[in-house]
Amino acid sequence: KQIKELLEEIENDQVADEPVIQFGRRNISKESLEKRRNAHLVVPALIATVAFAAAITVPGGLQSEKGSEQGTPLLIDEAAFKAFVVTNAMAFIFSVSALTTHFGVLDNLLSRFNFWRETVLYRTRSVSSILGYATVAMMIAFSTGNYVVLKLSHELAI
């Protein structure tokens, strides 16, 4: 109560002829953090699943003839295929990083201390930015994968 009164007193003060304004602080409820946490669990899991499946079933298929190159991708020398592989791997890594960060947040979310709530909010925002990178990488991987497979039909590929 005393701290609140002091803050109100300071708020009404002036420094260098400018009023002192109390910084607004968002009140984040446990429920809203839990909703974000659930979304941050589903989205990276889906991206990781899609990226993993795309890495196993590469665009263009694999060499089936017996020999030293059996099982290698048919389009391995194409620049678009290389871009697909790199961005698909990035999507997978970012989504798994988001999942790892999510599970670090889980323990703190269940805590009822306000200090932990701020930490959870910071980590939740980190997961959001990692998910943004994973989504962009997945979109580029999809685009380059389609391009490398459909390159003979330039109109359709573009």
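Backbone N, Cα and C define each Cβ position, glycine as well.
Some features that TrEMBL has for this protein:
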- 31-149: domain 'PGG' (DOMAIN)
- 39-59: transmembrane segment (TRANSMEM)
- 79-106: transmembrane segment (TRANSMEM)
- 127-149: transmembrane segment (TRANSMEM)
Residues outside the transmembrane segment (127-149) whose C-beta sits under 8 Å from one of its C-beta atoms, at least 6 past its ends, are 36, 40, 43-44, 47, 50-51, 54, 59-60, 75, 78, 80-81, 83-84, 87-88, 90-91, 94-95, 97-98, 101-102, 105, 157-158
Mean pLDDT for the domain 'PGG' (31-149), rounded to an integer?
79
